[in-house]
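Quick look at what TrEMBL lists:
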- 1-190: domain 'N-acetyltransferase' (DOMAIN)
- LYS56: N6-acetyllysine (MOD_RES)
- GLN58: site 'Crucial for catalytic activity' (SITE)
- 124-137, 160-169: acetyl-CoA binding site (BINDING)
- LYS146: N6-acetyllysine (MOD_RES)
Amino acid sequence: MEFSFDVDALLPERITVLDQHLRPPARRPGTTTPARVDLQQQIMTIVDELGKASAKAQHLPAPITSASRMQSNRHVMYVLKDTSARPAGKGAIIGFLKVGYKKLFVLDDREAHNEVEPLCILDFYIHESLQRHGHGRELFHYMLQKERVEPHQLAIDRPSQKLLKFLNKHYNLETTVPQVNNFVIFEGFFAHQHQGPGVLVGPAGTIPLPQNPRGA
Ligand code: ACO
């Protein structure tokens with residue numbers, strides 16, 4: 001995905017980590033530095049365009065990732081830059097992965113409710129022309145290391161078929177623990193899950209479950 005500005009200078013590293021401040025990373029020495037406000041605008045443009053492309057790829061009615069949503073949530077976005085081809089000398093973006101902690105009620109295998117706050121996979125997109133080239137795995141692997149989590153500790157917000165296949169192939173995640181919300185968790189989730197202070201246990205259906213908060 002290409003932009004009118006110099007992505008390569010804006011994002012010096014192959015993977016850039018963005019939080020709610022959407023701060024432009026420090027530039028390489030010797031690179032001319034435009035006004036900081038312009039750099040932040042460029043970051044916001046990248047986030048907005050990635051969000052739109054991801055929504056289109058998943059046939060969502062509206063983007064769940066945008067600069068304004070990033071600014072109003074404590075989500076973390078990992079953005080992968082193309083370091084091989086540099087079209088028109090300005091670089092390109094390959095895709096992104098967005099994660100965040102959320103308080104959820106999830107059912108265990110006895111159908112008891114558990115209040116937990118796992119790291120959730122919220123949005124994930126690799127450009128159509130570059131899918132199935134290992135870029136998704138590179139991003140996911142980087143995120144797991146940075147966030148210090150194991151794949152089975154994650155909750156996935158309404159995963160696509162492609163993502164389910166991806167998780168199965170790269171992390172052997174296959175057997176899910178059935179839920180009544182849109183989050184998917186896998187066998188092993190409860191083994192090391194840090195549970196919130198008020199762990200709620202009861203028969204399924206007695207506690208109102210939150211609506212899918214994807215992107216909220
Ligand atoms: N059909 C089936 N499986 C696929 C496909 C596909 N079109 N694309 C990727 N996969 C899975 C397969 O397991 C594949 O292995 P295989 O080629 O041997 O069958 C594996 O992913 C490939 O791994 P990577 O190359 O590392 O993955 P990729 O770079 O393609 O990234 C991703 C995976 C992000 C799911 C990408 O395919 C994509 O952007 N898809 C469209 C958007 C999407 O569905 N995003 C997830 C939304 S749900 C959420 O974010 C919570």
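Backbone N, Cα and C atoms are what each Cβ position is placed from, and that goes for glycine too.
Feature map: annotations from TrEMBL on the structure.
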{"residue": "LYS56", "record": "N6-acetyllysine", "Cβ contacts under 8 Å, 6 or more apart": "none"}
{"residue": "GLN58", "record": "site 'Crucial for catalytic activity'", "Cβ contacts under 8 Å, 6 or more apart": "TYR125, SER160"}
{"residue": "PHE124", "record": "acetyl-CoA binding site", "Cβ contacts under 8 Å, 6 or more apart": "SER54, GLY95, PHE96, LEU97, LYS98, GLY136, LEU139, PHE140, LEU163"}
{"residue": "HIS127", "record": "acetyl-CoA binding site", "Cβ contacts under 8 Å, 6 or more apart": "MET1, ALA53, ILE93, ILE94, GLY95"}
{"residue": "HIS133", "record": "acetyl-CoA binding site", "Cβ contacts under 8 Å, 6 or more apart": "ILE126"}
{"residue": "LYS146", "record": "N6-acetyllysine", "Cβ contacts under 8 Å, 6 or more apart": "VAL17, TYR78"}
{"residue": "GLN161", "record": "acetyl-CoA binding site", "Cβ contacts under 8 Å, 6 or more apart": "none"}
{"residue": "LEU164", "record": "acetyl-CoA binding site", "Cβ contacts under 8 Å, 6 or more apart": "VAL184"}
{"residue": "LEU167", "record": "acetyl-CoA binding site", "Cβ contacts under 8 Å, 6 or more apart": "PRO151, ILE156, PRO159, LEU173, PHE186"}
### Query
If you check the recorded positions GLN58, PHE124, GLY136, LEU167 one by one, which have a CB less than 6 Å away from any atom of ligand 1?
GLN58, PHE124, GLY136
#### Entry: Around the Cβ of LEU130 (acetyl-CoA binding site), the count of other Cβ atoms that are within 10 Å
16
